[in-house]
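Reviewing the structure listed below.
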Amino acid sequence: MSYIKKLRARLDSGEVTAVELTKQYLAKIKDQDKSINSVITLCEAEALKEAENADAIISAGKQSLLTGIPILHKDLFCTKGIKTTAASKMLDNFVAPYDSTVTKNCKDQGMVTLGKLNMDEFAMGSTNEHSYYGAVSNPWDLDRVPGGSSGGSAAAVAAGFAPVSTGSDTGGSVRQPASFCGLTAMKPTYGSTSRFGMVAFASSFDQAGIFGHYAEDVAIMLDAISGECQYDSTCVGVKENHFTQDLEKDISGKVIGIDESLIKDLPAQIQEAVSKTLDNFKKLGAEIKSVKVPDLKEALSTYYIITPAEAAANLARYDGIRYGYRNPEARDLDELYRKSRTDGFGEEVKRRIMIGNYVLASSQYDSYYNKAQQLRKVMTDQINQIFEQVDVIFMPAAPSEAFKKGDKLDPVSAYLSDIYTIPANISGLPAIAFPIGFANDLPVGGQFMAKAFNDNVLTQMVTQYQNSYGIEEFILEQARI
């Protein structure tokens, strides 16, 4: 199943032009986003120009699969000539002089950029309540959060503002919002996609990801944005069609690992959805095997030591001098630094910078940062050992359905929202979230994790499931143009 391919057929047949399709999406955003607040910058003029170019390419018969397909980008991917804010006052007026590799690859495929999406400031958050531009609402219930940090990316696709969107995943920031908004989203293996031009949070964790309604669409998009990049030394080449190569193959004989201890304390409706999903995978020929996943609370602690440390280093560049917000009342250099950073950063960002500087202090380094890095290595080894027995590990994508705004203002409570997603980031492994059912009439998601560069196994597993048992058609009816 592929929404992209359905749009491709409409464009190629002449049923709709790229300009007409773009105008439909732009009109829907302008009409409906006031209540959702998913879009920071609407690129109407640029989008229509790109759509005109796409129509010319289609008329010449030189189109790719993605020519003329609209897309929205999380506002931490640099877009030449268009504001890139990272949802922060610090970058409120920053216009990137170049394109990120991710956005450039989309442009090169002929995609149409509709706009830039709201997010938690500098990708720090799990609710999308930490944005200089205001909180984002979940299209399923406007009083609830869409998840974070890529909440705008999830809400926009769920609302039907674009067929696909880009996001980033540092600790679950595409997978948890996908669960809350009824979408499929994937964080590929660390290094599969370039981080060049992506505003940094924690560089050894950050990875670009994709939101869509179907795993096939996510795979198509990941093929488009992945590959080698000379500007990112951590980016490795993956072969052409890496993510789509096995979509048509059945999954008979695949072994799914599950740690029952991670399921037993979940709400009853989510447990029921998990059980039904695993039963359906067994009907498709997969085998279920019990495994023991490393302690998730230790993973959470490890994550919230290392990532603030990396964030403190990365965000040191915002000093009010080179670019970004500058306090106009500072009387000397020291005051300029202090006032610009105090005013320019939001509370959650400042909290994580302070944690990061604390754990990196010479008196605390060995007790916190060094031990966390050692534990990261141990946990990665433990997870990789599990893959000697199984092809994928199944976990929930989130411990609950979307919760109400303001329910988790306590930082620790909010951090626990990522407890099931963080292991994939700690280990750099690929993981995909997909809808598995409903709890209290809201979507909930499951998640598969695989060993490094077995991304194709994840897209294969979920595509075969969605072709046979998925609930995406019901969800998509809420959003279809």
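The first residue you see is number 1, and the count goes up from there.
Positions of Cβ are set from backbone N, Cα and C atoms, glycine also.
The active site, charge relay system annotation in Swiss-Prot covers LYS74 (among others) and is backed by sequence analysis. Under 8 Å, Cβ to Cβ, and six or more positions away along its own chain, LYS74 (active site, charge relay system) finds LYS116, LEU117, MET119, SER150, GLY152, SER153, SER165, THR166, GLY167, SER168. In the three-state DSSP scheme, LYS74 (active site, charge relay system) is classed as strand.
Annotation comment: Swiss-Prot describes SER149 (among others) as active site, charge relay system, evidence class sequence analysis. The Cβ of SER149 (active site, charge relay system) has 36 neighbouring Cβ atoms from other residues within 10 Å, across all protein chains displayed. SER149 (active site, charge relay system) falls outside any helix or strand according to DSSP and counts as coil.
Note: SER173 (active site, acyl-ester intermediate) has non-local neighbours ASP120, ALA123, SER126, GLY148, SER149, SER150, GLY167, GLY209, i.e. same-chain residues 6+ apart with C-beta under 8 A of its own C-beta. Classification of SER173 (active site, acyl-ester intermediate) by DSSP places it in coil, neither helical nor stranded. Marked as active site, acyl-ester intermediate by Swiss-Prot on the basis of sequence analysis: SER173.
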